[in-house]
Structure formats: structure tokens, C-alpha cells
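J.: Sharing a structure, written as C-alpha cells. Questions coming.
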Amino acid sequence: MKLFLILLVLPLASCFFTCNSNANLSMLQLGVPDNSSTIVTGLLPTHWFCANQSTSVYSANGFFYIDVGNHRSAFALHTGYYDANQYYIYVTNEIGLNASVTLKICKFSRNTTFDFLSNASSSFDCIVNLLFTEQLGAPLGITISGETVRLHLYNVTRTFYVPAAYKLTKLSVKCYFNYSCVFSVVNATVTVNVTTHNGRVVNYTVCDDCNGYTDNIFSVQQDGRIPNGFPFNNWFLLTNGSTLVDGVSRLYQPLRLTCLWPVPGLKSSTGFVYFNATGSDVNCNGYQHNSVVDVMRYNLNFSANSLDNLKSGVIVFKTLQYDVLFYCSNSSSGVLDTTIPFGPSSQPYYCFINSTINTTHVSTFVGILPPTVREIVVARTGQFYINGFKYFDLGFIEAVNFNVTTASATDFWTVAFATFVDVLVNVSATNIQNLLYCDSPFEKLQCEHLQFGLQDGFYSANFLDDNVLPETYVALPIYYQHTDINFTATASFGGSCYVCKPHQVNISLNGNTSVCVRTSHFSIRYIYNRVKSGSPGDSSWHIYLKSGTCPFSFSKLNNFQKFKTICFSTVEVPGSCNFPLEATWHYTSYTIVGALYVTWSEGNSITGVPYPVSGIREFSNLVLNNCTKYNIYDYVGTGIIRSSNQSLAGGITYVSNSGNLLGFKNVSTGNIFIVTPCNQPDQVAVYQQSIIGAMTAVNESRYGLQNLLQLPNFYYVSNGGNNCTTAVMTYSNFGICADGSLIPVRPRNSSDNGISAIITANLSIPSNWTTSVQVEYLQITSTPIVVDCATYVCNGNPRCKNLLKQYTSACKTIEDALRLSAHLETNDVSSMLTFDSNAFSLANVTSFGDYNLSSVLPQRNIRSSRIAGRSALEDLLFSKVVTSGLGTVDVDYKSCTKGLSIADLACAQYYNGIMVLPGVADAERMAMYTGSLIGGMVLGGLTSAAAIPFSLALQARLNYVALQTDVLQENQKILAASFNKAINNIVASFSSVNDAITQTAEAIHTVTIALNKIQDVVNQQGSALNHLTSQLRHNFQAISNSIQAIYDRLDSIQADQQVDRLITGRLAALNAFVSQVLNKYTEVRGSRRLAQQKINECVKSQSNRYGFCGNGTHIFSIVNSAPDGLLFLHTVLLPTDYKNVKAWSGICVDGIYGYVLRQPNLVLYSDNGVFRVTSRVMFQPRLPVLSDFVQIYNCNVTFVNISRVELHTVIPDYVDVNKTLQEFAQNLPKYVKPNFDLTPFNLTYLNLSSELKQLEAKTASLFQTTVELQGLIDQINSTYVDLKLLNRFENYIKWPWWVWLIISVVFVVLLSLLVFCCLSTGCCGCCNCLTSSMRGCCDCGSTKLPYYEFEKVHVQ
């Protein structure tokens, strides 16, 4: 990536020595987060210029300006001509430092040319009219994007909507003195890496290909492909229903791009964009192809802090009739609030579409916006998707106006113009992880097998046929009687209601309510009539037929569909299926207004045809020499029809034994036509992710291969040169080389002679050995599997279970076979293995003998004793100040003063001979020394001595601070030296740690390889189960693979027929799975017996069989458990050197006496005329002795000639394998193989010898590394830092006297009030008693009235 560093000291290049060098970009306002490194894309400065006195005019979309001195300058963005209705942008500053700056976006009243900028002052109708103080060296910028003007002011970034701002493409610059300003002309979008700190820009780097955009912006490849490695952060698969969560799937998605248009956050687009990537200011990034696309994908990219980043914006769709507005609001009332969140939103947003037809305004609710909107997709056919899910359908769309801006400079979006293409996608958590285009032959092969990488081997390729094939129809000449049926829907509207359903819909069949076909052929068509009532909403409604419950679609009825009987009706008839008639308003609201009901029966007497025919005719449509889908005399299929020169008198159709159509005769002309398969599946050879060869049935070049070779049974095409000798893969008796060349594979000649010569033979005897550890894995068990047959087949459907009962004991047989095999498996494993309970006891990690692990184990929290200090009440009554002291100065000072402020100076301490006082003084001490200072100033020289205590105390406290700083500096030097030493040791240590980790990683990699081999065995059963589960997706020629869906769509009889197909297919799949499981049990049982033999012979004893316990001479073996099996580690001897000798089977003396070796493992050989014997195991020659030989009768060797029939009389247990297999094959019953591909179970034999060797080498390397690390650790431990400690001193400062006075006054007042309340209430009674006594003794004119008892008087 090419980077340009824009230096912070401006200007650059030729301006550096003439412009003010203090100008920089630290104050540039971009709206980016503080204290962060951010990628910003937009109209930003790159190259800077120094202006002179003349007026300069540039083509620009904006500018940035830096005032560098006490001079005047002016800038204007204009159109180059005067327009009274046009807004212009004008910036000027006054002479002088910190002068005023004028910024205007206004219209001007007179014909100003903007060439001189001298009379551009009379303005009106201003959008922006600012007057502010300039900041020397701070940049000021103005950029234009569409109709949005962005101002980069000194302390803020703001945007304004300016009509026709895109016309302001001329920049006039006037600097009234030389070198009075530095400016940058902006005319292109750039990407900048900006680093901010404390509100300032500390790094400003411009890049052409910034890494920050690689996650969201890419360069489209020439064929419109998205490059490999693109992370698809904000791309989703489009769906009209369920969303794929995880897995690999082949889909048809809009992922072929013709243009990728990045729209930064500092720009906006306000015009319509068309589906051919034209309109507005579309700027494609990289590849561009001028064509009409299917969709436009708007991918929103925002930062994590963009929560509730709301901007006013709308999405406008231009349809054939009118414009439709899409907007969202956080109010469910549907109030027009054109807000679209750019980033995560913290509250729900309700979305509506709005349209205005004539003068009527209509809003329709379409859904709730997701919490985080990452992608918006608009299809040309009217579909609207958010995050991959379809929200509504508008019909055909001509253009889109995505008028959305963001408040954050770091946010942006991209517009991808895409078409639908066949792709293979890997999805994880609904996110696209990988993408493969199914274009080239090899890519199609990958897509056929749903794999992103194919292993080397041969694959069947049958993807050459076109998806859409022409149709061939051939029938016998018959007398045609035709019936035309018109299904008519007439809709009438009334009033001015747009979203209400039609006022009335009349449906009829040829003017009646029902029609039954009585002729041999019929054609039916749907007619929609709209009665014009003057309502403006008529054209917005559409009425069409939907796919209903019939097993055929309405559009296919005329495609030569055959029936025995068929009737149509507009009213429901018992036993009929239906096609609903649906009305939709602008494809947003849907209403069922009727239905077409069909009753039919299977047969061939009535045929639907696309157009009317009558009379005796041969209705045929024959496609020759091309792959076609045919219906020939009721034989249906696909194939290539060719004319033949044969002449056959009998018959009109010719089929094979399997029922396939081979040829037919035209009954009118007598011509014979042959039918061959379209493209028989080819066998392609894949090597290193490419097709290197192909075996085909036709003589033509394919797959980009040119060299064609004709063989007896097939054609072979490749690009090989036919000059190789080594095959990388074999097919039958042919070998395929790396370049695709085809070579014959001949039987390999064995170097071993199976039969020893009677007289002599050349033998190789080992003379040197090496020890080897060989690994062998044997599977001894597999996980038992039990399948609930009824649940698997019927998935709980009760009607399906009733049908399943008719299959008698099918499920019972399957379940019993699995259950019995699992039971036998468990018994065999239990009888074979015994477990030692002591081996599974968990050791206590704290008691490992002499090893103390307490330093590495978690410790319990032990609460330390409380440090002596003041009480809680004292902490409440005093303000505590914590300082760092010198040695014992603070403690000694505190004990000397005993809390008295008057003793402050008298208790001064000395540290290294210098008088010091603690740095903290309370209010009392400050008042005391303030009084001393004021007293020394009252009478000048007479009282100057009174200020001595103040000066001494001040100097002593300054000494305290100075000494404290000195100690800190000394500690800093000690720490720096020790830290540097420690860093050197740590760096060296971690370098060794890095090497050790590297070795460990490589060792773990070898272990991973070994474990993967074991994992393959473990996962075989899971693969089989996965294959069994995948069979549930097959419909087995039923109309659906869902039983419930079948019963929902069809009547009971038809549904039972369809479900019966599912039951048959699923039972067949289940039987195949059970066969696999039983075969696997048999294999595991044999492997278990072999493992038991190896335990007895290899582990418990030493084997004499060469190659049984490892590939060598066995020494000893160790067995360990492994997943589902045992892992044997065989230690064997392997020969490294051999001695070749000419061995003798014996010696013959004078032709009469024969002597042969007594021991079978001895060899007699001759060495330069001297006979010696040696062991076959190890070459140890010695002279023979008499005890080594045994005498035989003579030297003759006699053979007995017998026939194969008589051989069993000599060898009773001899078995002729070939004859046995031949008889077995002849006695096999004839059966038809099920049409299922069975996933093979491969018994895996592991070879971990190379991995173990690597592990041993890595272990030795790790041990050496640990020794080096120990030395480095010792050096690190020696790095001891001895610091001078600053004591932590706590000092309590008393509150001032007036605080205590206030507390005392408050306390006295509260106490008085409390006593008064107690004495004044009845609870105490003191006051009441005293007042009563006094009133009794002397009544001093009390005003209290005496108490009189009232008497009730009745008045007559």
C-alpha cells in the first residue's frame, strides 16, 4: 500500500521556506472520536499551496485554508457565471492578528464575477452568515457533496443543505499580500488515517489503498466477482422466508457486481440512481460494466459508538406510475418523520411507505426496523430487503434515491450493483463466511459436491446440460375436439379509497359458474378485466391466480397435461383443489377475492394444449440433435433425438429391458428416430484443485482440455503430453499423471521369491538393527444406536402412523436388529475389558510427595491485624491527610508537637543536616504564621523580627519538598538502571520462550495429525447418522417431504398416496442405514478380536511372528486407551544393513548321503569356498558343526503329481477360493439394488511413527530451551532494586474554633427546645400542676369561663 505522509508542519515543498512554519493540522475538525485512530474518507486536503497577490481560479469541490500571518485573503466557491437564484460561498478575513473572519453562503444582489472578491459583500437570503475570530495556524475548510455543504470550522463540523450546491465547481483565491495564506484545493475523495489526542490531530496520513477499508470496500474483479478473502461483514443472503443459519448451500443470489460505489460519511447523494449504475454522482470503485442489474445493495458501515446516530433521510423509489417514499419513525402513529437510523438504535422504529397518487396521500405500514440495520437491498422487480429479509414488494422499480446522511465522519456506506448468479456459500450464524461462483467446470464440480475444496480423485460430472431445455412432444394422429375455457375476473372500484379491496369482483367460466371438459383437448386462460369507475386507485390494484392446493400449477395446465376427467368451477366442490384469486394493492396488501376450483382424475383421455387444434392432426413438436425434454407417445424423459436411416416394419416405440426409450417411429412418414442420453456423466480426474483429465462418451473437447484420445470404451481428453511414467492416481488399469497424461498401469513385479530353490537361493540377512516405536490403532467399540422408526418415518403424524401399521413388522425388524446388535456389542466389550478403580482415583494436587506446590496454588484470604490508628469517632471529627515523608521525620515531628501548633517551629527536624518541616499545615498553623508575617510588616524595621518564624517555617517546608524530590530522582535513576538490566534479560528470556513455544506448536501439530486420524474413526458413525438424517429432505417422488404439508394440501386419499411414497423411501433409507450399522458392528467385532490377540501376544508376551506386533522383530508393546479403541505402541527392531549370501538348502555327499540343517532359522552358505552357517535373524557367521545337520535318506527330491480334484485328499483343509466365490455368486438370489448411495465405512489404519519421531525431537529441543531459560531466570532474579522509601504518613487536621462554636450553639438550642417540649406537654404535667395551684390560691382575673352543665329543656 502506497502511503503519503502529510506533515503536520505546513506548508510543504517549495512553500516550506517562505510560508509560516507554525501552520499545522492539529486543529483540523473532522468530527472523529477523541483519543483514537480513525479511517476517514471524504473531501479532505492532501496537497497545499502558497498563494500570491494574483487571483487564481481552480476547479474544485471545496478548499481548506490556513491563516499564516498578519495578512488578508479571500476565497469563493462559485459557478463561473452570475445567477441571481444561485447560492455562493464566500470567505474572507481582515488584516491583523486575531482578526474577524466572514463566512457566507448567500445569494448576491448584483452581478459579481468573483474574480476579484472585492465587491462580493452585498448579499441576501443567506443560509450561513457567520462572523468569528480567526485562529492563527488553524485550518478552515468547506466541501461540497451533492447538495450538502460541510463546514470544517475551528471547533466544530457542521453540514447544511444548499440547493444546487453541486454547481459550485469553481474556486477563486485572492491573497492580498505575498505568502499571506496556505490553502489546499479539494476535488477528489481521499481516505485519511487520523489519530486524535485531547481534541487535537496528532497524525494525518493519506493513503490510496487504506487497510481500514479492506473489510468493507474492495476492488471488483474484471468478471464482476467479489475477491476472495472479503469478510462480508454487512452482506446477507436474500430470503423470502426462513434464513439459513449454518451450513453450506448452493443458492441463486445477487453477488455478481457491475459496480461498487463507496459513499463516505462526509458525502451525500440526493439524486436518483438507476439500475444501470447511472444517475446522481455514481463513482465505481474498480471494475465497472455498463448493464442493467437486478438489485442495488446498500451496505451500511458504522462504528461501535454510532448508537442512535439519527439523520433526516428517506429512500425514494421511482416506479412506473409514481414515486414511493420509505421512511421510519419511532412513533407507531405513522406520523411522517423521515428518520432512518444509521447504526444501532436503542428504540423500535416503525417503517411505512408513502405515495401520492394525484392529490391523495397514502401511507402503509410495512414492518418494524431491526435494532441494527446493516444492509438494505432494493430489487429492480420491486422487492425490498433489510438484513436479507424481504419486507414488501412494490412491482417494477426504475430508480432509487437513497438520501441518507450520517452525523459521524467515520461512517459510510457502499452501493453494490449486482445481478443474480449461481453460487456456493458457507454460512455461519447467518453470516456469509465463504463464497464460490459456480462458473467454470471445476467450480461447477465443487458446487455439485457442495465442497469448497475437492480431494484428488475421480468425480462424476453431469452439469453440462442446460437448465432450461426445449420441449419435444410426439403423439399419434387423432381427431382433435377442442374446448376453449376463459376464466374471467372483473373488478369494479368505487369511491376514493386506495388501500381498500375492490368494491366487487365477478368471476366466471365462459360466462357460467362451472365447465367440464367433454372433448379430447382443452386450453384455459385467465383474463382480468378492470371496470373503470373514475377512481384514481384502479391502476394500483392487481388480481392474479396463486398456487393453491392442486398438484399442478395453473400455467402448466396447457403444457400437455393429461387427465381422465377434469372440471372447473367458481364455487367450491367436494373433493376439489383450488387456485386462490388474490387482489393486491401495489404489492403491499393482499386480499383473497375468490378461487378457481378443479376436480380431476388421472388418465390420458383429455390433454391440455397451448393453442386450439381441430380435426385429424398429428400434433408434434420435434427438436433434433439437441438435448430436449420429451414426451413421445407418453414416454417422458430427456435425451437427444437423432434421425436414423434404419427401416423397421413393426412397432412405433422401441425400449430397453429397463423401460428406457431407445427409439420411435413417426407413424405418418415411417421415419425412425433414435433417442440417446443428453450427456452421459463424465468421469473427471481432479488433481491439486483442477481438472486434469476427463473420460467422456462423446468425441469432443471439454473442461478446457484439448488433447483427445480415443480408447475402446470411452474418449479421454486432457492437456498432457503423454510423456510421463509416474501416475498420481489410477482408474481401473489406467494411470493419470500430474499433467493429465494417460498411461497404462501394469502389475507390479514382486522382488520376493515365494518359493525357495531346492538347491540354492540368494538371501538377504540383516547385519545391523535400529529400534523403532510404531503406533497401531484398533477400534474395539462403537456407540450403540437405537432409532425410533415411527418417529423417523412419520415425525409424530397420527395418520402417517396408521399407514405405517400396514407395513407389519418393518419397524420392529429394524429396531430389533439395532437393539440386539447394540446389546451384543456391549456384552462383548464388557467381557473383554476390565477396569482398575485405583487407576481412576484423582490425586490430591497439594500432596505430591516432596514437591511443594503451595506457591502456585490459590491462597486463602487471611485478614491481617488492624493497624494502630485513630478511632472511628476521631476519623469523623478530623480531616485525614495522607502524605509521603522522609524517613522518620514526620513521626518524630508528630511526637514532638503533641498536637500543639505553637510547637511547630520548635519541633523542626533535620534530614541529612538540613532543617525540614512536614509540608502540610492546618488552618491554625496558617493563622499563626500569617499573624507573624503581618506583625513583621506593621512597623517596618521595628517589628521585622516578628516575621522570622514565618520565613524559617516557609524555608523548612521548601527544604522538605526539595529533599523529597531529590529522593524521588535518586530512586528513578536506580529504577532505570535496574529496569534496563531486567529488560535485557527479559527480552533474551522471551526470545527463548518464543523458540520453545514454536517447538511446542510444531509438536502439538504432529499430535493433532495423529488425533485427526483417530477422530475420523470416531466420526464415522456421526457421518452415517447425518446421511440418514439428510434422507428426510428427500420427497421420494412425493409432492413434498413434509407429511403435514401433504395432508394440508391434498384430500385424504391423495395425501395417503403421497405419504405412502415417503414411508417407502424412508424405510428403504432406514434399512440401508441399519445394514451399514450391522456391517460396522461386524468389522468392529473382528477388530476387537484382533486387539485381544495383540494384547495377549504383544503386550503380555513377546511375539515371534514378524510383522504381527509392528513391522519388525518384536521387543515389547504398550497399550493405551483411545477413543473407541486401543492405541498400541510397538517397540520393534528394524534392519538397516543387509548381507547378501548364496544359501544352500543342504549338502549331498558323493551323491548318496544328504545333510540338511537341523534348525529352520539357520542358513548354510559358501564364502570363498568355505562353508559357514548363520542365523536368518542376524548375520553372525560361524563354522558349522555336526550337530547343526541331520542326515536324510538321499539327495533326490520327489514330487507327487495330482489333480485339483484330488488335492483335498492330501490337504483336507484346502479351499479353492476362486471356485467357492464363483459358486457363491451363482447361488445369490436375484434382486434389484435400491437407488441409494450408501456412505462407505472405511476402517482406518493409523501410522503415527513419523509424528512420534517429531515429538521426540521437539522434546529434546524443549528440554534444552528450559535449561537456557533457567539461566536467564536466575539473572532476572538477581535484578534487585534497593529504593529509598518514602514513609506513608497520616496527619489529622483539627477543625477551626468557629466550627466547634457553631456545634456548641446548635447543641444548646436543640437541648433547650427538647426540655421545653417535655415540660409543656401532659406527659410530664409540671406546668399544668403549677398553674392549677396558683389559680386555686388567687384567681387573678382569669378569663377562663366556669364550666356549667347543660340541661335539656323541651318547649311545647
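Cβ coordinates come from backbone N, Cα and C, glycine included.
Since the structure is predicted, the reported quantities are computational estimates derived from the model, not experimental observations.
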J.: Out of ASN119, ASN403, ASN852, report back the residue that Swiss-Prot marks as N-linked glycosylation site.
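T.: The candidate carrying the N-linked glycosylation site note in Swiss-Prot is ASN403.
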J.: Of ASN203, ASN762, ASN844, which does Swiss-Prot mark as N-linked glycosylation site?
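T.: Per Swiss-Prot, the residue annotated as N-linked glycosylation site is ASN762.
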J.: Looking at ASN178, ASN354, which one is marked N-linked glycosylation site in Swiss-Prot?
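T.: Checking Swiss-Prot against ASN178, ASN354, the N-linked glycosylation site entry points to ASN354.
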J.: Looking at ASN24, ASN301, which is the one Swiss-Prot tags with N-linked glycosylation site?
T.: ASN301
J.: CYS1098 has a disulfide partner in Swiss-Prot; which of CYS1109, CYS1148 is it?
T.: CYS1109
J.: In Swiss-Prot, CYS627 is paired in a disulfide bond with which of CYS577, CYS678?
T.: CYS678
J.: Would you count the other C-beta atoms found within 10 angstroms of the C-beta of ASN240 (N-linked glycosylation site) for me?
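T.: Other Cβ atoms within 10 Å of ASN240 (N-linked glycosylation site): 9.
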J.: Measuring Cα to Cα, how far is ASN699 (N-linked glycosylation site) from ASN240 (N-linked glycosylation site) in Å?
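T.: Here the two Cα atoms lie 44 Å apart.
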J.: Just give me the nearest neighbour of ASN354 (N-linked glycosylation site) among the glycosylation sites ASN240, ASN301, ASN645, ASN666, Cα to Cα.
T.: ASN240
J.: Would you mind checking how many other C-beta atoms are within 10 angstroms of the C-beta on ASN301 (N-linked glycosylation site)?
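T.: For ASN301 (N-linked glycosylation site), the count of other Cβ atoms within 10 Å is 24.
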J.: Across the topological domain 'Intravirion' (1317-1356), what does the mean pLDDT come to, as a whole number?
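T.: Mean pLDDT across the topological domain 'Intravirion' (1317-1356) comes out at 53.
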J.: Find the one among the glycosylation sites ASN35, ASN301, ASN645, ASN666 whose C-alpha lies closest to that of ASN240 (N-linked glycosylation site).
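T.: Closest by Cα: ASN301.
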J.: Can you figure out which of ASN35, ASN645, ASN666 (the glycosylation sites) comes closest in space to ASN301 (N-linked glycosylation site), comparing Cα atoms?
T.: ASN35
J.: For the glycosylation sites ASN35, ASN354, ASN645, ASN666, ASN699, which one has the sparsest Cβ surroundings, going by other Cβ atoms within 10 Å?
T.: ASN645
J.: Distance check, please: Cα of ASN645 (N-linked glycosylation site) against Cα of ASN35 (N-linked glycosylation site), rounded to an integer number of angstrom.
T.: 87
J.: Could you give the Cα-Cα distance between ASN666 (N-linked glycosylation site) and ASN35 (N-linked glycosylation site), in whole Å?
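T.: About 85 Å separate the Cα atoms of these two residues.
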J.: Does DSSP put ASN666 (N-linked glycosylation site) in a helix, in a strand, or in coil?
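T.: SS state of ASN666 (N-linked glycosylation site) = coil.
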